[in-house]
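Noted in TrEMBL for the protein shown:
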ACT_SITE  A:GLU451  active site, proton donor/acceptor
ACT_SITE  A:GLU460  active site, proton donor/acceptor
BINDING   A:TYR338, A:LYS347, A:TYR348, A:GLU407, A:ASP435, A:MET436  S-adenosyl-L-methionine binding site
DOMAIN    A:40-304  domain 'PRMT5 TIM barrel'
DOMAIN    A:310-480  domain 'PRMT5 arginine-N-methyltransferase'
DOMAIN    A:483-582  domain 'PRMT5 oligomerisation'
SITE      A:PHE341  site 'Critical for specifying symmetric addition of methyl groups'
Protein chains: 2
Amino acid sequence: MPLGQRAGDKSDSRFSGMEVLDFPAGECLPAVLNQSLSSGFDFLLSPLVDPAYRPTPGAVLPVSASDLVLSPSQWSSHIVGKLSEWIDFDAEDEQLRLDSELTLKQEVAWASHLSLQACVLPVPKRSSCGNYARVVNQILQGLTNMQLWLRLPLEKSEPMDDDHDKVKNNDHMNEMEDSWELWNAFRLLCDHSSQLCVALDISSTLPSINSLERWFGEPVRAAILQTNAFLTNARGYPCLSKRHQKLLTGFFNHSVQVIISGRSKHDVSPVEGVLSGDENHTEGILIQHSLSPYLNYISYLYQRMDPLPEQERFEINYRDFLQSPLQPLMDNLEAQTYETFEKDIVKYTQQYQRAVAKALVDRVPDDAVSTTKTVLMVVGAGRGPLVRASLQAAEETGRKLKVYAVEKNPNAVITLHSLIKLEGWESMVTIISSDMRCWDAPEKADILVSELLGSFGDNELSPECLDGAQRFLKPDGISIPSSYTSFIQPITASKLHNDIKAHKDIAHFETSYVVKLHRIATLSPPQPVRPEFQFCVLDWLPLSDLVFTFTHPNCTANASNQRYTKLKFDMLPDIGSCLVHGKQLCI
Amino acid sequence: MPLGQRAGDKSDSRFSGMEVLDFPAGECLPAVLNQSLSSGFDFLLSPLVDPAYRPTPGAVLPVSASDLVLSPSQWSSHIVGKLSEWIDFDAEDEQLRLDSELTLKQEVAWASHLSLQACVLPVPKRSSCGNYARVVNQILQGLTNMQLWLRLPLEKSEPMDDDHDKVKNNDHMNEMEDSWELWNAFRLLCDHSSQLCVALDISSTLPSINSLERWFGEPVRAAILQTNAFLTNARGYPCLSKRHQKLLTGFFNHSVQVIISGRSKHDVSPVEGVLSGDENHTEGILIQHSLSPYLNYISYLYQRMDPLPEQERFEINYRDFLQSPLQPLMDNLEAQTYETFEKDIVKYTQQYQRAVAKALVDRVPDDAVSTTKTVLMVVGAGRGPLVRASLQAAEETGRKLKVYAVEKNPNAVITLHSLIKLEGWESMVTIISSDMRCWDAPEKADILVSELLGSFGDNELSPECLDGAQRFLKPDGISIPSSYTSFIQPITASKLHNDIKAHKDIAHFETSYVVKLHRIATLSPPQPVRPEFQFCVLDWLPLSDLVFTFTHPNCTANASNQRYTKLKFDMLPDIGSCLVHGKQLCI
């Protein structure tokens with residue numbers, strides 16, 4: 001029974017599980033599962049093989065239950081496998097290393113046989129775990145659907161090496177181990193495998209907020225919440241600290257499932273539960289399981305969250321999804337793309353019309369209104385929204401206007417012609433079916449209006465096109481827009497990195513994508529987005545893209561649009577180490 | 001309004017359109033569309049550009065309507081573009097050829113601008129149309145989603161070349177043109193593009209049935225039914241000949257949409273329609289459109305069809321979908337795969353149990369029952385269904401049995417052990433966790449039972465495995481099965497060909513796929529499937545696979561499983577030319 005259903009939220013974070021601590025021998029797994037399901041848990045994190053087992057020739061693997069005791073769909077929907085915790089690949093003892101490798105492979109094969117969705121790899125016993133990663137990487141090559149979740153403590157901990165002498169003599173003895181670094185080393189040795197994920201053990205202490213937020217850019221699949229992480233409220237019921245609550249809400253928002261683990265520390269009578277006054281979320285749940293009070297509290301935290309705003313619900317399927325930016329110079333846009341853009345009233349009426357009106361007033365004083373006709377060129381007129389905005393600005397300011405509408409897409413030109421005819425603008429507007437870069441203009445313009453900005457400012461070649469068009473702008477003419485600047489911010493985004501990596505070529509790594517970023521961690525403060533642009537698309541870029549300002553007209557001698565720069569970012573404090581997968585760029 | 005909704009049938013064949021014969025000038029397209037939609041048609045096949053237009057520099061394309069008169073979704077859902085019929089790429093007149101190329105490209109660009117789903121290419125004017133195909137192929141390279149449907153007459157016709165002298169002097173003057181050959185030449189020149197499809201004009205005469213059925217393997221998207229193809233019934237209403245009815249039913253079953261074309265030949269009063277007695281399918285349709293009587297008749301034919309059987313509805317998503325066969329020797333099967341196979345009661349109880357019982361009776365006469373113990377080996381025991389069937393056969397016949405269950409999948413061996421324990425078979429069954437090809441058997445077997453047949457008999461390496469296992473079969477021992485034969489049949493299957501071609505490598509063309517074949521044409525009579533195998537999967541294979549019989553035990557000296565053969569197939573009579581894309585193979 002999921003924690004709840006938030007309207008429109010299709011994330012899988014609303015499922016919760018519990019960890020089975022004792023090996024369910026003697027085919028008792030179905031009973032354990034049934035009790036947990038009827039108590040409101042959705043799945044079990046359960047050992048698959050007797051922990052006393054060590055490989056011996058000819059031995060049959062002592063599994064917790066034959067595949068026949070649960071149906072295939074029960075296995076795959078309700079069981080996450082917990083791989084043997086005794087395994088140690090980086091021990092001095094060779095036999096232990098060999099036994100570990102053989103056992104892990106047998107267990108993963110059994111889990112694949114059962115079509116489990118995931119298995120949890122035990123916490124590395126040492127901070128240097130190269131052999132562990134090697135074996136896991138080898139196993140990952142043969143897995144088709146199953147994920148492996150590497151279990152790690154969230155809090156920083158004592159160095160894990162049990163080579164005591166070394167630790168004692170080590171200068172770093174007082175430094176705590178950062179489990180993110182362990183994760184990073186492990187996943188790099190597994191070549192960023194998309195099937196290798198993380199399960200974080202959460203106990204009573206938490207590291208700094210900035211350090212926690214790094215995990216939102218990593219493939220964390222489960223938060224294993226220890227019962228000893230809970231506090232006790234005045235009525236004796238379990239609850240969490242504010243910081244723990246905030247962390248869990250963050251996990252819920254990033255599709256991280258909760259698994260409750262440990263022995264119950266709160267012996268709560270099932271009759272008068274702390275939440276019994278709230279019928280909505282205790283209805284139908286019998287408080288019979290020793291971990292039920294913890295689940296009820298988690299469920300309460302989930303249901304307490306604000307529902308997603310409508311706009312966010314609409315866009316949920318675009319989260320962390322790579323979209324190739326439009327290339328309107330190379331490809332002619334389609335009618336429905338124009339249709340979408342033309343709906344942006346703010347842009348045309350509030351921004352462009354205002355800007356043209358100001359330029360007209362600036363160039364033509366009130367006493368010259370009847371004698372002066374301003375020449376305005378819309379370069380990239382599309383189906384005419386800027387033509388309309390310009391004519392409305394002229395009417396609003398009482399200025400006389402002559403408009404040239406330059407458009408290279410012959411299909412949009414067809415629509416422009418019918419628009420001019422329909423609106424009776426024939427005397428004011430001349431349509432030029434041409435690329436602005438090669439048009440031979442009959443006169444020079446006072447005002448040059450364009451909307452060639454892509455998501456990153458320059459990625460739809462606005463600078464190159466306007467550089468080609470500025471020949472027919474008068475020396476004192478005005479370009480709208482007159483300048484724009486791109487901004488960037490370094491981020492961790494393992495999901496996007498893996499999606500690009502799946503193409504197995506450099507070309508996709510060199511592509512700028514438009515993405516509604518969600519499962520990322522920002523690593524340095526963002527620079528502010530310019531307020532005059534109301535629309536701001538969040539974008540993701542490879543390492544090569546940087547911050548630039550473009551100004552029109554561009555009066556630099558030998559102006560080139562080749563740009564290169566280096567920027568220095570200051571890391572957020574307390575964040576610890578992190579991996580920069582890419583940059584978030586916007587204008 | 002679709003023709004109807006047959007339960008579970010998700011094909012798009014239930015939509016019907018009408019052809020707009022006159023150019024809808026002066027923005028009258030919305031009115032034409034509204035009238036057609038309210039009369040029950042789903043879409044229009046409509047000209048996009050004034051047929052009087054010839055390219056002139058600077059001219060604006062005289063389109064039938066600005067993109068603004070319909071919404072983007074109306075354009076893409078309700079309009080199929082009809083490209084100018086005057087174009088002739090293979091004419092002697094060079095200007096005509098150049099004008100044709102320029103116009104076609106402009107029209108397709110306009111259709112792309114409107115995001116139309118498809119455009120119809122005009123009927124080739126000549127049987128040699130290399131330049132036409134070249135231009136279309138060039139256009140196809142730049143299309144992303146839109147399809148081009150080449151319009152062709154279904155019936156054979158007079159040779160199309162208007163080079164009269166040549167025709168007159170030609171020996172083949174009396175031969176009719178086969179439009180399939182024209183299509184085949186055209187699509188080969190377009191390299192089997194998956195966006196190039198066919199629209200067939202159907203008039204009053206039809207070619208032979210076998211020749212018609214070739215089209216079921218081709219990407220036919222529309223049947224353009226001419227009003228002159230209709231007969232008149234006793235009450236003055238339009239109807240179709242039995243052969244036409246059968247053809248249309250075939251088209252409906254193969255996702256071919258119907259477009260009604262031509263002037264109405266039946267002036268039927270709207271009040272007392274021939275079908276007015278049947279309220280189910282005239283309800284809500286106002287007979288106001290001159291083509292409504294034809295649409296009502298087509299709708300009646302559609303609704304008269306038998307609903308798809310439940311099994312067929314369940315499998316509809318697997319139609320013409322390439323599935324890679326299982327490779328149980330290389331990959332260990334998963335629990336849920338065993339589960340599916342074990343449900344086949346017919347196979348285990350009716351076939352294998354019967355066969356083992358017969359073998360036991362054959363080897364042990366009634367008077368030796370108490371003294372003789374038969375040694376039976378199940379090679380590839382999986383989770384035990386053949387072990388169970390063999391023990392039941394022993395009980396049924398009163399024979400004593402000693403069973404070796406040989407299985408190479410260690411996960412299935414785990415289940416076997418718990419099965420033996422659960423059933424109390426420890427004294428009768430010995431489990432061998434080994435590959436049968438390398439097991440060192442302690443004694444020889446009287447009976448060897450296996451179920452290693454793949455979809456094609458040998459593709460899961462049954463011959464190779466059993467050749468390896470027959471060492472431990474007594475010289476007079478029995479193998480169950482003792483022999484199997486594969487059968488093939490040549491087919492046209494352009495959809496599957498294109499799906500394989502999309503991988504752009506030879507490896508996929510060399511792979512044997514399991515397919516629920518539907519949109520195919522069989523080109524030669526199939527050979528009968530052997531009756532003792534109740535399960536028959538239809539398969540599709542590249543050219544290299546042929547018909548073989550395998551016998552076990554295989555006593556040939558130097559037995560090899562390399563096989564090669566040539567087969568000769570007799571074409572169905574009257575079929576005309578056709579293209580063999582592959583072979584249907586089964587056992």
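Note: Cβ is positioned from N, Cα and C throughout, glycine not excepted.
Unlike curated records, TrEMBL annotations are generated automatically.
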DSSP three-state assignment for A:LYS347 (S-adenosyl-L-methionine binding site): helix
Nearest recorded site to A:GLU407 (S-adenosyl-L-methionine binding site) by CA-CA distance, among recorded positions A:PHE341, A:GLU451, A:GLU460: A:GLU451
A:PHE341 (site 'Critical for specifying symmetric addition of methyl groups') and A:MET436 (S-adenosyl-L-methionine binding site), Cα-Cα, nearest whole angstrom: 21
Least surrounded among the recorded positions, given as A:ASP435, A:GLU451, A:GLU460, when other CB atoms within 10 Å are counted: A:ASP435
Longest CA-CA distance among A:TYR338, A:LYS347, A:TYR348, A:GLU407, A:ASP435, A:MET436, per record bound to S-adenosyl-L-methionine, angstrom: 24
Candidates A:TYR338, A:PHE341, A:TYR348: member of the recorded positions with the richest Cβ shell (10 Å): A:TYR338
Distance [Cα-Cα, Å, rounded] between A:ASP435 (S-adenosyl-L-methionine binding site) and A:GLU451 (active site, proton donor/acceptor): 15
Cα separation, A:PHE341 (site 'Critical for specifying symmetric addition of methyl groups') to A:GLU451 (active site, proton donor/acceptor) (Å, whole number): 11
Cα-to-Cα gap, A:GLU460 (active site, proton donor/acceptor) vs A:PHE341 (site 'Critical for specifying symmetric addition of methyl groups'), nearest whole Å: 15
Cα separation, A:TYR348 (S-adenosyl-L-methionine binding site) to A:PHE341 (site 'Critical for specifying symmetric addition of methyl groups') (Å, whole number): 10
The one of A:LYS347, A:GLU407, A:MET436 whose CB sees the fewest other CB atoms within 10 Å, among these binding-site residues: A:LYS347
Helix, strand or coil at A:GLU407 (S-adenosyl-L-methionine binding site) [DSSP, three-state]: strand
